[in-house]
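So that we are looking at the same thing, I have put the structure below in structure tokens.
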Amino acid sequence: MIICKSRDEIRKIGEAGQLVAQVLSKMKDLIKPGVTTEELDQFAEELILKSGATPAFKGYRGYPKSVCVEINECVVHGIPDSRRLKEGDIIGIDVGVQLDGYYGDAAVTYPVGRVSAEATKLIEVTQQALFQGIEYCRVGNRLSDISHAIQSVAERNGFSVVRNYVGHGIGREMHEDPQILNYGPPHQGPLLKEGMVFAIEPMLNCGTYEVEVLPDNWTVVTRNRRLSAHFEHTVAITDQGPLILTELF
Ligand code: MF3
Ligand code: CO
């Protein structure tokens with residue numbers, strides 16, 4: 001069941017979303033060769049707690065850290081550790097918080113120093129795919145219009161869309177209905193209504209869309225070990241069109 005939110009609830013998800021946006025934006029300055037992903041995690045955790053929120057991922061199904069880090073071939077759910085970033089890496093950072101009973105969730109992929117032309121294009125296209133999906137978050141569209149828009153941008157640019165992980169409704173729970181696939185035919189599924197709030201999160205790969213889970217049972221990597229990028233926003237459907245709650249106001 002898809003839960004529609006009141007204006008007041010959307011405002012609260014927006015407060016959580018603003019904190020997520022601030023954390024991601026401040027972390028951008030730390031993304032340099034030599035920093036460890038544990039240091040990134042600690043920075044985010046401190047800022048979240050200092051703001052009166054809690055990190056949504058820590059303890060979720062036993063996840064041990066506050067953020068997820070996605071270096072190069074890592075698609076999602078990489079666990080921060082003592083690994084140091086190096087020039088030419090790309091790193092996705094996924095942040096979720098709970099504030100005053102409501103969740104916000106977003107992810108961005110940053111280059112570390114100068115990166116390859118392929119990496120630059122993958123990052124740009126993944127962000128474009130997310131924004132194209134958001135463009136379809138309008139009353140009267142159907143859910144899979146979002147999915148189809150994302151897939152079209154990805155494949156038109158020669159990248160593949162990960163099948164095994166999806167976006168989700170969000171609100172009083174981090175994961176609510178519906179599941180939002182990042183691929184599929186248009187005009188299928190539920191009609192979009194005012195008050196629906198979605199975390200839309202395309203993951204795009206170079207080459208095959210197939211992925212594998214590493215033995216730590218969290219880290220998801222591309223099967224071909226080529227690059228993957230991930231962007232996510234929490235978005236409300238309003239009578240005025242899509243409202244991105246995890247973009248800095
Ligand atoms: N944005 C991801 C999601 O919606 C991050 C979850 S990480 C986890 O599932 F550790 F909490 F699982
Ligand atoms: Co999410």
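Even glycines carry a Cβ here, placed using N, Cα and C.
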Looking at the divalent metal cation 2 binding annotation from TrEMBL, with D105, E201, E232 already listed, which candidate in H77, H168 is the matching residue?
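For the divalent metal cation 2 site that includes D105, E201, E232, TrEMBL also lists H168.
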Going by the divalent metal cation 1 site in TrEMBL, where D105, E232 are listed, which of the candidates D94, D216 is also part of it?
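The candidate from D94, D216 that TrEMBL ties to divalent metal cation 1 along with D105, E232 is D94.
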Kindly point out which of the binding-site residues H77, D94, D105, H175, E201 have a C-beta less than 6 Å from some atom of ligand 2.
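Checked binding-site residues vs ligand 2; flagged D105, E201.
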Give me the sequence-ordered set of same-chain residues, not including D105, H168, E201, E232, with a C-beta within 8 angstroms of the centroid of the divalent metal cation 2 site's C-beta atoms.
D94, G96, A106, A107, G167, I170, A199, I200, H233, T234
For D94 (divalent metal cation 1 binding site) and H175 (substrate binding site), what Cα-Cα distance in Å is obtained after rounding to a whole number?
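D94 (divalent metal cation 1 binding site) and H175 (substrate binding site) have their Cα atoms 14 Å apart.
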Give the three-state DSSP assignment (helix, strand or coil) for H168 (divalent metal cation 2 binding site).
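Note: H168 (divalent metal cation 2 binding site) is in a strand by DSSP.
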Nearest to H168 (divalent metal cation 2 binding site) in three-dimensional space, by Cα, is which of the binding-site residues H77, D105, H175, E232?
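With Cα distances computed to H168 (divalent metal cation 2 binding site), the winner among H77, D105, H175, E232 is H175.
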Counting across all protein chains present, how many other Cβ atoms fall within 10 Å of the Cβ of H168 (divalent metal cation 2 binding site)?
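The Cβ of H168 (divalent metal cation 2 binding site) has 20 Cβ neighbours within 10 Å.
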